[in-house]
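The structure under discussion appears below in the form of structure tokens.
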């Protein structure tokens with residue numbers, strides 16, 4: 001199997017130019033650019049078996065793309081993963097068209113696989129509160145962990161946004177967040193989050209080792225460098241276990257819970273959209289389904305005409 005370095009070396013001038021365009025002109029994060037590169041690498045490997053190349057895109061047609069989709073299906077990829085890979089190919093050929101490197105798009109007329117509607121997994125309010133009140137050790141590591149959880153749930157940040165925070169992004173009761181496409185937004189901190197962050201920041205020096213210039217807010221225990229995504233996932237899962245939660249809780253579940261609980265409490269959709277940093281309102285609207293589910297459950301429990309046969313004992 002080729003290593004990441006070898007794959008990068010195999011990328012031709014056109015692909016490297018496209019990835020540079022995504023990073024420099026579109027402002028995509030390094031992780032997002034790597035995802036595009038990985039998808040294009042897979043398509044390139046597929047084309048090799050047909051003596052084709054991404055560097056000679058004019059020879060690629062719709063049948064090749066359809067055959068690639070069939071191969072992905074054979075490999076049992078989910079419809080979501082297949083859709084993402086198609087989106088990467090669309091972006092690549094759109095870039096080539098814009099720069100007049102090709103005159104036609106081989107993905108024209110090819111639709112993404114129809115996605116099954118999956119609603120976000122969320123904690124209920126009691127579960128979220130239990131996590132925030134988990135019985136942690138009051139040492140630097142425990143204070144860091146609960147401060148991270150408070151930022152994820154209390155402010156609805158993506159995990160990449162939370163671990164990307166620097167010390168100077170925290171200003172009293174708000175934080176400056178750099179989201180997708182390097183877009184900045186200001187997000188309020190809950191009172192609990194402010195207190196937790198202050199307590200953690202008072203102990204943050206314990207992580208610094210010899211790297212006193214490190215500006216990351218959340219630091220790893222070992223290296224004294226910025227916390228990474230895998231470490232953050234482990235922290236959230238551990239707090240969930242300490243709180244006795246039955247679910248496999250991950251950081252994005254806290255973001256989903258933030259949005260759902262805000263809507264349940266009466267927040268308007270536009271405000272939640274801004275807090276989450278969603279570009280499109282339709283992305284935020286998926287949380288209204290969860291709120292409606294809760295409303296219907298309350299209705300079924302409480303309304304005398306709901307739920308079918310309720311009993312006619314009081315008919316007299």
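Residue positions begin at 1 at the first shown residue.
Placement of Cβ uses the backbone N, Cα and C atoms for every residue, glycine included.
Feature annotation from TrEMBL assigns active site to 158, 180, 252, 255, 278. The active site, O-(3'-phospho-DNA)-tyrosine intermediate feature in TrEMBL is assigned to 287. The domain 'Core-binding (CB)' annotation in TrEMBL covers 9-97. The annotation domain 'Tyr recombinase' is assigned in TrEMBL to 118-300.
Distance noted between the C-alpha atoms of residue 158 (active site) and residue 278 (active site) is 11 Å. Within 10 Å of the C-beta atom of residue 252 (active site) sit 15 other C-beta atoms, taking all shown protein chains into account. Here the domain 'Tyr recombinase' (118-300) returns a mean pLDDT of 87 for the predicted model. Spatial neighbours are here defined as Cα atoms within 10 angstroms of one another, and by that definition the neighbours of residue 278 (active site) among the active-site residues 180, 252, 255, 287 are 180.
Within 10 Å of the C-beta of residue 278 (active site) we count 16 further C-beta atoms, all protein chains included. Counting residues per DSSP class in helix, strand and coil order gives 68 helix, 0 strand, 21 coil for the domain 'Core-binding (CB)' (9-97). Of all the active-site residues listed here (180, 252, 255), 255 has the Cα closest to the Cα of residue 287 (active site, O-(3'-phospho-DNA)-tyrosine intermediate).
Mapped onto three states, the DSSP output places residue 278 (active site) in coil.
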